[in-house]
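Asker: Below, the features straight out of Swiss-Prot:
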- Asp248: active site, proton donor (ACT_SITE)
- Met1: N-acetylmethionine (MOD_RES)
- Cys168: site 'Transition state stabilizer' (SITE)
Amino acid sequence: MTLEAIRYSRGSLQILDQLLLPKQSRYEAVGSVHQAWEAIRAMKVRGAPAIALVGCLSLAVELQAGAGGPGLAALVAFVRDKLSFLVTARPTAVNMARAARDLADVAAREAEREGATEEAVRERVICCTEDMLEKDLRDNRSIGDLGARHLLERVAPSGGKVTVLTHCNTGALATAGYGTALGVIRSLHSLGRLEHAFCTETRPYNQGARLTAFELVYEQIPATLITDSMVAAAMAHRGVSAVVVGADRVVANGDTANKVGTYQLAIVAKHHGIPFYVAAPSSSCDLRLETGKEIIIEERPGQELTDVNGVRIAAPGIGVWNPAFDVTPHDLITGGIITELGVFAPEELRTALTTTISSRDGTLDGPQM
């Protein structure tokens, strides 16, 4: 078994089919943007950072094979249209949309250079996608380390170990590696300061039971799986020190879209006086939206709720509502928002990120908010 969600080399992309985990580890070749769209939509690959990476790398594979053109204008349009198509696969997560804007701008700027060639445009876009892969791994390690230190200072300033509850899957399988919220747990474990981790089952797709539990067992991190409906009991009776979750989109006021069930976790955590953290790269922050009310929430097929492994478990004829995400209001994020740039209170996020981005040169290395 492996925790490597994405295998990439110039001109070749493979993804780990996460629908088969933990029973089977099988890689699937992705040779086109259309194949990537299908894999993302089917949730063979999931997690906001991984979705963006697979989408953009699939475009890089096509460009390496000479797709696009002929002519600079046609090539730039090809890049823009392919990226726009990828955004439609799962619209709630902002990472793919941001990467699409950035890469389209890169292609357009390169095409405007004096003496520009199709080969140069392709090479520039490919290099930028490869840089994204490396940057995501660096950012995740920073998130893990910064989050672990902040959490320990908040809940265990005199030393000792902490117990953390998390939701869905935010680890190596959802990113280029290491993870965001699960990266914080990894960092706590490596410091010898993690007493225990609780992970939710995360219905209806069971990302917690299938993927997070798999990662925790793989790395021998002490952990217990619970159902989504057990979180209040766990906080009341199992000594939970903090809750750390990931994010698919964080907007300007700190409202956060994440896997459905996150909102209720935050409510229960506040009731019990337990710090609630969101761990996400700055690429998951969307300062163009003011509040969570503006976030488009993806709704998934009802069959995902009524059937398990192809066997129907719900009464025939029952109606189904299956939103993939919910929005946690910023005032419930009591621990802070952990990014690779630091840990910020929700009300600090806009200023902190705007200040950081304005000090950069506006290239792909500095995500445009």
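Backbone N, Cα and C atoms are what each Cβ position is placed from, and that goes for glycine too.
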Asker: Given a separation of at least six residues and a C-beta threshold under 8 Å, show me what packs close to Cys168 (site 'Transition state stabilizer') in the same chain.
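Answerer: Those within reach of Cys168 (site 'Transition state stabilizer'), by Cβ under 8 Å and sequence separation of 6 or more, are Thr200, Thr202, Gln207, Gly208, Thr212, Val245, Gly246, Asn258, Lys259, Gly261, Thr262.
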Asker: Give the number of CB atoms, excluding that of the residue listed as 'active site, proton donor' itself, located within 10 Å of its CB.
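Answerer: A count of 29.
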